[in-house]
Amino acid sequence: KAKESEHGEGAGKRPHGSAEGDSTPSGPPKDGKYIAGGFDASNPSDAIGALLQKMMKEMKDNSPFVIARVEQPVPVGIGMHGGPRYTFTIMKREDYNALYSSASDHTGGGGRGGSGRHDRDKPKRRDEEEQRKRHDEEERERKEREERERREEEEHKHREEERKRQEEERKRREEERKRKEEERKHREEEHKRLEDKEGPEGTGNVPPIKPIEPRGEPIKFEPVVKQEKIAQKTYDRLRETGLDMNELEIFSKNTGLSLEEAIKLKKHLFLTEHVNLPDTVTGKYYYTGYFHPDMHIAYGWEKALKGELNLEEKAWFRQLADHELAESKMMQEGMPYRKIESWNPKEGITGRPPNQGAHELAPPPPDDFPNIIADNTLL
């Protein structure tokens, strides 16, 4: 019951608006306050809520029901104050527990109910979470985009560098092609000059030389040791390559001889079938044929095609060229390589005066090739 003294009215009077059949219109008390269960509130809703919360505290968790308070804005009206107000509802405890996981949301579980505030904050938290996710996603997409753009830029630079490299390589090949073309023209001009001077090249032929009588069959070369057989193969191969200018340029560079000397030397030693070679077995006739292989010349020539020779080896080829080119000139003038008149059964062809041939009259040939490693195994 409301206390009459608290309303300022005489004892025995009924509380405002509480007597049965009281025809007095209900409304707020004069001081604008309701007093219920010892609680003062600004409106009936708060007063009832406070009373119900007191009941729930006393019952603790024994009640199968829960009072849930939800904050709502209430418009300003007669006898009411503006600002947020609370709406109370009663629901089963199991439904409430399923809806609100936090124990602090229970108004009957000790302390004031906070379900309205939590319920109000959920959309805000969801918005913040969604905003955070959107931000993270945008940040991830931004980083991926920047990484993709960086890779594309690097690929573009790489392609540009590769294009420039290929362009430079193309120019280099074009310059190399032009250089080789110029070298080819130069070689052709050199060939023509030598051909006009000494006769057709590539066959080793020289202007016709008068054969010396008597004539006979060529003497066949028979290798005795393995190194002579190797030399025979070298001679055969060098005859096959003929006046290959690339080979001759390498030989010229590595021996120190001029290209013209290299051409003449190869013609004389390997490519020319000489008209007046002597019968070294019986000393009875002359024949037409190639020089027999010489292991020192073959060994040195092969080495010169593989790399630059040392000074001693270059000097050996210088002496060889001086001898062979002088010998070649005399043979082209009709002198036999060696004269059969100098032959005797004991020594063979000696070349002693007065029966000297081009071989004896030319500057002396060199001795063995320097530091030759010969295989003298008998065949």
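Note that Cβ sites are derived from N, Cα and C of the backbone, with glycine treated the same way.
Under the heading compositional bias 'Basic and acidic residues', TrEMBL lists 1-12 (among others).
What TrEMBL records for 116-200 (among others) is compositional bias 'Basic and acidic residues'.
Sequence annotations record features per position, and here TrEMBL assigns region 'Disordered' to 1-45 (among others).
TrEMBL lists 101-216 (among others) with the feature region 'Disordered'.
If you look up TrEMBL, you'll see 343-370 (among others) marked as region 'Disordered'. Break the region 'Disordered' (343-370) down by DSSP state and the numbers are 4 helix, 4 strand, 20 coil.
Secondary structure counts, DSSP: the compositional bias 'Basic and acidic residues' (116-200) has 83 helix, 0 strand, 2 coil.
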